Amino acid sequence: MSATATICSEKNFAVQTHPVKAPDEEYFFEGAEKLLELWFCSTKGITDTSLRSIPRSEIDNMLDVARCKILHSKHNESIDSYVLSESSLFVSDNRVILKTCGTTRLLAALPVLMQLAGTYAGLDQVQSVYYSRKNFLRPDLQPNLHKNFDAEVEYLDSFFEDGHAYCLGSLKQDRWYLYTFHREVEFPANKQPDHTLEILMSDLDEEVLHKFTKDFAVDGKDCFMRAGIDKIIPAGADVHDELFDPCGYSMNAYINDTDQYATIHVTPEKEFSFASFETNQDLVCLYSQTRKVLQCFRPNKILMTVFANDISVKGKDAQQQLWDRELPGYRRTNVQFVRLETETLVYAHFVRKAPHDLTSSSDEDDGERSD
């Protein structure tokens, strides 16, 4: 009904009408991130250049396209670390990792990143692509590009020929999507051990959620210590983090003199609680670190992935343990192994055991193995 005056001819007077206000839509935030990792190379064999030479202003413009912004940054000799309004960005010499949550348009930034790599770093070719995400709780709220995985695959295929798309996990529960592409190049970089552990956690313990609010902690540094994040990150790592108002937490860390990183993001609202942990560090046993993460967040549902190339001993060890061993207090519902173009992947899904299913086995940490 219009808000303008309507003339009632029978009684010859104006009746003012008003629209009925629709109820406010319940607040929701999609904590699950979209994750894009790109490895670049030069068709001319250029080796003395770096993606880190891209100007900050150009990075800001690229993130505007993705609909997020930089809150603060830290740098060492090998990596630039950015905490974003929606997750994280890491830039090293020939690799970019962009991770964004909420309703960001991450893939819209892809052509901008490719152009910047060529213009400022002479890295005019994408050697490898990894795009992944968990299924969204509310895909209907995502921008059109990200409403479903088929649309994302079609978009990525417009840039990369012969890409591969996967869906891991049961279609009746949480699942994980992955798009990969790898190009054999004339001037390959020297191959180094490489692995990535990612833990995606949902339905967090209610006693944990309040630790990531301004009612509990003053700022990111305070939250880092009081919420127990300090027990997860390897000793000596350089950390910068953000505690959002009124709630939510993001943290980046890197190991000095390396391009090894760790990142954590927490959406603590009870109705859609979510937390993620990702790292490529090799200082401590990844299985031991996984247990520390779970002890901190106590999620009811876990989705885990471990990538490893053929020469990553640490990654292979973590994959084997994820394949062979249960996590104390959890029941594994799914485990899968995939051989990709240049590495292997182990995927697993866990749910917390009901109290009557818990055994008397100790949940104490096994210790940090170095092998």
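The backbone N, Cα and C atoms fix where each Cβ goes, and this holds for glycine too.
Here is what TrEMBL says about this protein:
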ACT_SITE  Ser87  active site, schiff-base intermediate with substrate
ACT_SITE  Cys101  active site, proton donor
ACT_SITE  Ser250  active site, proton acceptor
ACT_SITE  His265  active site, proton acceptor
BINDING   Phe29, Glu86, Phe244, Glu269  substrate binding site
MOD_RES   Ser87  pyruvic acid (Ser)
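Sequence features annotated in TrEMBL and their locations in the structure.
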| residue | record | CB count, 10 Å |
| --- | --- | --- |
| Phe29 | substrate binding site | 18 |
| Glu86 | substrate binding site | 24 |
| Ser87 | active site, schiff-base intermediate with substrate | 25 |
| Cys101 | active site, proton donor | 26 |
| Phe244 | substrate binding site | 18 |
| Ser250 | active site, proton acceptor | 25 |
| His265 | active site, proton acceptor | 26 |
| Glu269 | substrate binding site | 18 |
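Cα of Ser250 (active site, proton acceptor) to Cα of His265 (active site, proton acceptor): a distance of 4 Å. Between the C-alpha atoms of the residue listed as 'active site, schiff-base intermediate with substrate' and His265 (active site, proton acceptor), the distance comes to 7 Å. Glu86 (substrate binding site) sits 5 Å from Cys101 (active site, proton donor), taking the Cα positions as reference. In this structure, the C-alpha atom of Phe29 (substrate binding site) lies 13 angstrom from that of His265 (active site, proton acceptor). Residues Phe29, Glu86, Phe244, Glu269 make up the record's substrate site, and a Cβ search at 8 Å around their centroid adds Gly31, Cys101, Gly102, Cys247, Gly248, Thr267 from the same chain. Candidate recorded positions: Phe244, His265, Glu269. Nearest to the residue listed as 'active site, proton donor' by Cα distance: His265. Cα-Cα distance from His265 (active site, proton acceptor) to Phe244 (substrate binding site): 11 Å (rounded to the nearest whole number). Residues Phe29, Glu86, Phe244, Glu269 are listed as the substrate binders, and the farthest two of them sit 16 Å apart at their Cα atoms.
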